[in-house]
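Working notes, beginning with the structure itself.
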Amino acid sequence: MKAIIVLLMVVTSNADRICTGITSSNSPHVVKTATQGEVNVTGVIPLTTTPTKSHFANLKGTKTRGKLCPNCLNCTDLDVALGRPKCMGTIPSAKASILHEVKPVTSGCFPIMHDRTKIRQLPNLLRGYENIRLSTRNVINAERAPGGPYIIGTSGSCPNVTNGNGFFATMAWAVPKDNKTATNPLTVEVPYICTKGEDQITVWGFHSDNEAQMVKLYGDSKPQKFTSSANGVTTHYVSQIGGFPNQTEDGGLPQSGRIVVDYMVQKPGKTGTIVYQRGVLLPQKVWCASGRSKVIKGSLPLIGEADCLHEKYGGLNKSKPYYTGEHAKAIGNCPIWVKTPLKLANGTKYRPPAKLLKERGFFGAIAGFLEGGWEGMIAGWHGYTSHGAHGVAVAADLKSTQEAINKITKNLNSLSELEVKNLQRLSGAMDELHNEILELDEKVDDLRADTISSQIELAVLLSNEGIINSEDEHLLALERKLKKMLGPSAVDIGNGCFETKHKCNQTCLDRIAAGTFNAGEFSLPTFDSLNITAASLNDDGLDNHTILLYYSTAASSLAVTLMIAIFIVYMVSRDNVSCSICL
């Protein structure tokens with residue numbers, strides 16, 4: 001007799017598990033963030049460099065001016081600016097200029113009292129212009145000026161090109177011809193004779209000597225008064241009578257007298273005035289200047305080319321957007337000074353390699369995966385891991401990694417824009433002073449640099465914060481992508497992991513990473529948790545009563561087990577029984 005029995009049995013599977021993952025690294029780097037402090041990451045982009053001192057150089061992409069007149073031999077820049085005989089030449093145009101003379105003086109000619117006026121600033125003023133030329137005609141007729149007629153004085157200390165007595169081309173030494181008597185203050189107007197909207201730099205001054213020489217030359221031994229006025233700027237002087245040492249500061253021939261030299265800047269169309277008494281040095285040829293040339297303290301000669309000229313380090317080639325070290329003024333394509341080294345995160349948070357599944361069990365491996373990373377994600381930061389009989393397979397998701405890199409690139413570009421804006425602010429502050437000595441007060445400059453440094457550091461901290469925090473965003477996107485690809489062939493078990501109803505080796509994982517995965521290709525079996533199997537029994541001596549006895553015994557045992565389980569759950573819910581499960 002044959003009997004048919006329906007048996008209930010549970011079928012288990014050898015499913016694989018697939019998780020989203022992050023690469024591991026054996027060489028952690030540290031970056032600073034706004035809220036998390038220092039964080040170890042898998043890679044960094046250094047943003048700062050510490051330069052070393054080098055020669056000053058020509059600025060790349062622009063003309064750089066060293067000496068005002070390169071072809072004027074044995075002449076200082078002040079000689080050129082005053083028009084000293086034998087120092088007359090063309091000043092080349094330039095977008096950048098080197099302030100190379102620490103204490104500008106003339107190399108000879110008539111001795112000047114440098115410390116009484118701002119005459120030492122005259123070469124610096126001229127350097128601040130891109131185009132500079134000396135007028136071909138005199139601005140006034142000195143011989144017929146008020147208080148004349150005058151004889152134009154010369155000096156043996158100031159030889160001309162024929163080695164005869166001479167004087168500066170920018171001034172006429174007005175010595176009374178016949179009327180050597182004291183005079184009340186006289187006024188002469190200085191017209192604007194430049195063209196093309198140029199600034200006119202007019203040089204003038206006065207001569208003073210001991211009492212005997214003053215009477216001999218001018219008929220008056222008393223101190224003389226002088227005033228200049230242009231563009232609302234008025235300057236007053238009173239001459240000194242006698243008391244000058246024979247040795248001159250300029251190293252020229254001994255002289256009993258001295259001259260005081262000053263200048264005034266006349267804007268287009270504006271007239272200047274000079275009020276004077278005896279001993280005046282009336283203006284003659286004037287400087288016509290236009291455009292702007294950035295000026296920096298440095299030294300000559302200029303060797304080679306550089307991206308940036310820095311007062312302390314010389315010529316620099318820009319390799320990083322920022323630099324640490326000694327702060328000073330700089331011109332050109334320069335890095336910005338910051339107080340501390342800066343690094344931008346170029347990867348993910350540092351994670352040591354996660355432990356394998358077989359070492360910790362499945363749930364232990366999940367914990368290890370979340371704490372650590374996976375080696376083998378070549379050229380990728382985010383990807384997938386598969387755990388199963390084949391071991392551990394790892395594949396990088398290059399699209400997700402590229403998105404992360406694009407975000408870092410965007411942060412770099414934002415920092416670059418911030419750098420440009422700050423450079424423009426610094427450059428603007430310098431340009432505003434182009435008519436002066438072009439030196440900012442050190443304390444104000446340092447305060448500005450310190451403020452900009454703090455802004456940049458904060459921007460880098462916030463960028464690092466955003467890059468690191470975006471890991472969650474990338475992993476969540478990967479998890480959604482993985483879930484969509486796996487579809488009904490896997491069960492979401494949390495923590496970015498899925499239990500598959502099929503095997504998933506390296507080939508399977510590579511397909512997932514490439515976005516070409518198809519579950520049908522990996523022999524998906526029927527996976528019902530309960531299977532009903534029909535079993536046929538031959539008549540081997542078991543009667544129906546025996547079979548029913550076995551069945552009732554099994555059913556009763558199952559019922560008792562269910563009742564016990566329900567009772568335990570009830571007691572636990574009432575807090576009468578505690579239950580601890582250790583993994």
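A Cβ is built for glycine as well, from the same backbone N, Cα and C atoms used for every other residue.
Note that this is a predicted model, so its numbers are computed, not measured.
According to Swiss-Prot, the protein carries these features:
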- Asn40: N-linked glycosylation site (CARBOHYD)
- Asn74: N-linked glycosylation site (CARBOHYD)
- Cys75-Cys87: disulfide bond (DISULFID)
- Cys109-Cys158: disulfide bond (DISULFID)
- Asn160: N-linked glycosylation site (CARBOHYD)
- Asn179: N-linked glycosylation site (CARBOHYD)
- Asn246: N-linked glycosylation site (CARBOHYD)
- Asn317: N-linked glycosylation site (CARBOHYD)
- Asn346: N-linked glycosylation site (CARBOHYD)
- Cys504-Cys508: disulfide bond (DISULFID)
- Asn505: N-linked glycosylation site (CARBOHYD)
- Asn531: N-linked glycosylation site (CARBOHYD)
- Asn544: N-linked glycosylation site (CARBOHYD)
- 573-583: topological domain 'Cytoplasmic' (TOPO_DOM)
- Cys579: S-palmitoyl cysteine (LIPID)
- Cys582: S-palmitoyl cysteine (LIPID)
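Everything Swiss-Prot records as a feature, shown here on the structure.
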residue	record	DSSP class
Asn40	N-linked glycosylation site	strand
Asn74	N-linked glycosylation site	coil
Cys109	disulfide bond	coil
Cys158	disulfide bond	coil
Asn317	N-linked glycosylation site	coil
Asn346	N-linked glycosylation site	coil
Cys504	disulfide bond	coil
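Across the fold, the C-alpha of Cys109 (disulfide bond) and the C-alpha of Cys87 (disulfide bond) stand 11 Å from each other. Annotation: Asn346 carries the greatest number of neighbouring Cβ atoms among the glycosylation sites Asn40, Asn74, Asn346, Asn505 [cut-off 10 Å, Cβ to Cβ]. Each residue contributes its Cα atom, and for Asn317 (N-linked glycosylation site) and Asn346 (N-linked glycosylation site) these two points are 24 Å apart. When the Cα of Asn74 (N-linked glycosylation site) is compared against those of the recorded positions Asn40, Cys87, Cys508, the shortest separation belongs to Cys87. A straight line from the CA of Asn346 (N-linked glycosylation site) to the CA of Asn179 (N-linked glycosylation site) spans 84 Å.
A simple way to gauge crowding: the CB of Asn317 (N-linked glycosylation site) has 14 other CB atoms within 10 angstroms, across all the protein chains here.
On the backbone, the CA of Cys158 (disulfide bond) and the CA of Cys504 (disulfide bond) stand 97 Å apart. In this structure, the CA atom of Cys504 (disulfide bond) is 97 Å away from the CA atom of Asn160 (N-linked glycosylation site). Counted within 10 Å of its Cβ, the other Cβ atoms near Cys158 (disulfide bond) come to 21, all protein chains included.
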